[in-house]
Amino acid sequence: MSLSTAAYDIALSLPAGVTGLAPANDNPVADFSDTPWWVALIKAVGVFVYLLLSTLLVIWFERRVIGRMQQRPGPNRNGPFGLLQTLADGMKSMLKEDITPANADRIVYTTAPLIAATMAFVSFAIIPLGGTVSIFGHETPLQITDVPVAVLLVLAVASVGVYGIVLAGWSSGSTYPLLGGLRSTAQVISYEIAMGLSLVAIFLYSGSMSTSQIVAAQSSLWYILPAFFSFAVYVITMVGETNRLPFDLAEGEGELTGGFHTEYSAMRFAMFYLGEYVNMFTVSALATTMFLGGWQAPPFIAAIGDGALNGGWWGLLWFTIKLWMFMFFFVWLRGSLPRVRYDQFMRFGWRFLIPITLAWVVAVAFIRGAQLGFLGQGTFTIGGRELSVATVVIVSIVAVIALAAAWIWDDKRAEREAAAEFNPPEEIDPFEGGFPVPPLPGQRLREPSGLAVGSGAASREPVTSSVTSTLTSSPVKEETHG
Amino acid sequence: MTAVAPAAFQQSNVDYVAILPMLIVASAALVGVLVEAFAPRRRRHVIQVSLAVVGLLAAFAAVVWVAVDPNKVGHKGLTMGFTDGTTNHSVFALAIDGPALFMQGSIVLMGVLGILTMAERFGGVGPDAFTPSGASTPGSASESAAARAGALTSEVFPLTMFAIFGMMIFPTTNDLIGMFVALEVLSLPLYILSGLARRRRLLSQEASLKYFLLGAFSSAFFLFGTALLYGYAGSVYFGDLSKAVATGPLAMNGLLLPGAFLVFVGLLFKVGAVPFHAWTPDVYQGAPTPVTGFMAACTKAAAFGAILRLAYVGLDTARWEWTNAVVIVAILTMVVGSVLSVTQTDMKRLLAYSSIAHAGFILVGVLAFDRKGVGAVLFYLVAYGFSTIAAFGIVSLVRQNGGEATHLSQWAGLGKRYPLTAGAFAFLMLAFAGIPLTSGFVSKFGVFSAAIGTGGATGTTLAVIGVVCSAITVFVYARVIVLMFFSDAPDDAVEVVTPSMATTFSIAIGTLITLALGVLPSSLLDLADRASQFVR
Amino acid sequence: MTTRDLVFVVVGTITAVSALLAVTTRHVVHAALWLLVSLGSLAGCYLVLGQELVGLVQLLVYVGAIVVLVLFALMLTRAPIGPQSEISTPAWQRALAVVLGGATSALLAALLLPLLASAQVDLDRPETGTTQIAQAVFGTWVWPFELLSVLLLVALIGAFAVSRLVLHREGEAA
């Protein structure tokens, strides 16, 4: 179980038995004192352009990568490598006819895509894209703004973004969008709970909800290691949150046509499309910030030249690389996994993810409490390193509980599987229920007694189709006449 | 924003023995929730009822333990808070004192009787008064499917326990925020319980919705008043409030009157004082009868406990600001309650208006502004509570074609056919009227004499109006008695069904306590008098 | 008048007006949406007053969860959503409500406005940070805070007791 080792690492990386480990306050470390309003505006426009370009690029990227996975070229006509394909698509959707259904609630119908698209951009305001840089002579962090509760902003904005979906579904005045909107909203708000809970562990580790503070706190160890479980939960929920395959239940084509945006066309549809992709960038950027050290260079690169490549504009490079790793992951998922069933998806969210993430948060709280010396100051030394007794004890307890739970769960599952294993009877009557049923592999057909159907009665071959039709039709006839 | 080092965290000091009664009730309720999840359906009813009763009795024992304090530890006083080290300012959430303990003890005991009447099954699988499927349309297929499947609503017992938990906290809290949360904890289960009647479902659902909407409205009043009082005093603790009024921060003086008024509106709503009484008749009529009895007894006790604390601890120094308004409310409550009860033709509505009138009489005691007044109010609440639970218990037994027969004309001639039941009910009516040798007389005498003794000219006026209104209500109750004993039964006569031991027990106890407190009131009067000292 | 005052007035007006629209509109989904606007701009009020935590939690809880659930309930019921003439309030009642509500507001405004017109509050005082709110919630206000969890549990059980439908199949209804 790597839980114990990960937490162990954190315990080792900190001097044991010191109470003042947590940052004394939760305020951001990013310093905006030398940022006039026009620099902030430039940064905001920069982030907007960055996101738009990334979206243009990622749609092409997705189609090419999926094409490669499915052994076909993907779009390759417009521009070099087909890079301008997205631009052409965007132009086309702008020129298309914009249809509003007769039953639609017009104002809400127009507002919904606007909400979906704009809310996706807002969260990026608090994501640190790089270290402190100099823009026109002003020393400013590469981040639009930061507040002590910045991560809550992402969650709050995500929860407002839901309205884009629910209102689009309702205001279309049509059944499929309504159902799709309901599904999608249920999905997003359910997975938001688990997502918020998974982030709580990071707040406990860093002692702050400010993104710049969280990035700064990861300078020695990225939180993907001590909070590996949170990372796993976050990655699952971020796919659920963005309505992407395998969790794109809202637009299950077989059941709901297009889901909440069935009735939308032209630019308003493009807004939803844009919102979806920017949302992917937002959740990936948050994952980068929370778990992968944000804009900080990977450890071995950070060591080069005494941190010369770790900070300033270099941060933007590392951040973008990490971001695109997540984007590739999204595409990979889409290329390899089928859609899950809706009830399974909801059960997984409510009955597995939320309770187990709650338990994990409690465990992290205890681990942090032990590290900060709330549970006793005793220490002992192994191999030259001083360890806090409480930390070791708590980590071992958590590990044992986790192991035991995994063991019991595995046992139960094995039992269930054994119980669910279906042994088909050796012989079946092919038209017992009144209609013909083919035999399962290894099954024998019961011979139809009482009805003489020629000389094949004693044969053990599967009954041929002509025989089946005569067998099924004759009793029905008798019944109708008798 | 400048960075400041946060002040050291201060933990709340808790005297766990002092809050043990509340903890017991809360944990019994939580265990009840688990029982609901895990116990097999056949045994759930019995487990729930015994768990609730045992929990309440244990809580009563704990109340006695805290009050008597055999080890002389000194559990009484403020708890659940701390004194700020730097400013030497005390913030304590709970006041464990005489009135609080008295109220807790009586609420718990009345709660036992309430639970026992709710548990009546009349041979069925689940509690008879409650529908197995609250959401289904009355008379729909899914309702009868629920009945056929033998579904039962044993959640009502944990819900009732949560309500009792809130009622115990309500008169014990020492600040407005805690009081508000307690108000919600006690109200929410009642909103739900009153919508779960098995018969006459539409009435019940209407009652639930009305109660919920008006209750939410009054909660909003309370909260707004709290905000204004906080603006006035800079604190929501009753001690600080009282001190602020005494020293007088003149800058915000204008906030005191509206704040006090709005907070009182929120509390007076719960006791059903006029003009905040509009919900009372409908809810009393629509709610399942055992719930009505429980509500009439325990909610009234808890809310008057809270009113007493607010009037005597929080806003005592600002008395001149709000007394006149409450005097008018008291007069209106007595007059409207007693006059309108004359015109009622439904037994439950009659009892509802009677309870409004009683709320007015109790307010007269509150306005005495004296320890004697407090003692009289405490006594009144206990006496009225036990009588009213027994009265509603009897109402739930008088039936026709399986449903309760609550129309007055259906009760005609009941005394000739069921003399014991009708006799007990007549006795309770006499107690409501305040006839000597019943607890009603002693309690009315107590509040009116306290009002005359220390209330000055206002008190005397109030007492006179109270006596006149009592005389009006005597007419109402006498009419019921005459109807039961001196008229002929209609052709389709009602019957009195034979209840289980539990209901019989609670009706008998309620009636006997009404008698005992009428004949030998001195011990309880003495206890109430000794318990009438508030701690600040 | 500082910029902050101006922003507060604007946000506050939006809050009040949308709250009014929420209770006066006859279209039940529009009522929910106006409520959404009102609660959202209330979060804006908190933000203007420098309380980021409170503002964002307001957004998360009220906008992100409660109104979504309201909309959900509206969409899942078969009840007609548009204006209904047979259940709408009669004109005289509406007039009465306007008079009463207006009178109460006027009374309170007449009382509070002159009183608070000159009041000054320092919005950047450091004692209202996240740490201080946490200390207040888990130190001073721990009792009401814990009580609230009981309240939520009660709401949960109550919702279950009210809304449970019994399934027709034997042995599955519990």
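One-based numbering along the chain as shown.
Glycine is treated like the rest: Cβ placed from N, Cα and C.
TrEMBL annotations: computationally assigned, not manually curated.
Taken from TrEMBL, the feature transmembrane segment covers A:37-61, A:114-137, A:149-168, A:189-208, A:220-239, A:277-295, A:315-336, A:348-367, A:387-409. Annotation comment: TrEMBL describes A:422-482 as region 'Disordered'. Per TrEMBL, compositional bias 'Low complexity' is recorded for A:462-475.
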Contact between the transmembrane segment (A:114-137) and the transmembrane segment (A:277-295) (at least 3 Cβ pairs under 8 Å, separation 6+): yes
Paired segments the transmembrane segment (A:348-367) and the transmembrane segment (A:189-208) in contact, 3+ CB pairs under 8 A: yes
Selected stretch (most C-beta pairs under 8 A with the transmembrane segment (A:189-208)) from A:37-61, A:149-168, A:220-239, A:387-409: A:220-239
Candidates A:149-168, A:220-239, A:277-295; stretch with most C-beta pairs under 8 Å toward the transmembrane segment (A:315-336): A:277-295
Same-chain residues at least 6 beyond the ends of the transmembrane segment (A:277-295) whose Cβ lies under 8 Å from its Cβ atoms: 51, 54-55, 58-59, 117, 120-121, 123-124, 127-131, 142, 151, 154, 158, 161, 199, 202, 211, 214-215, 218-219, 222-224, 227, 230-231, 234-235, 238, 241-242, 244, 315-316, 318-319, 322-323, 326-327, 330
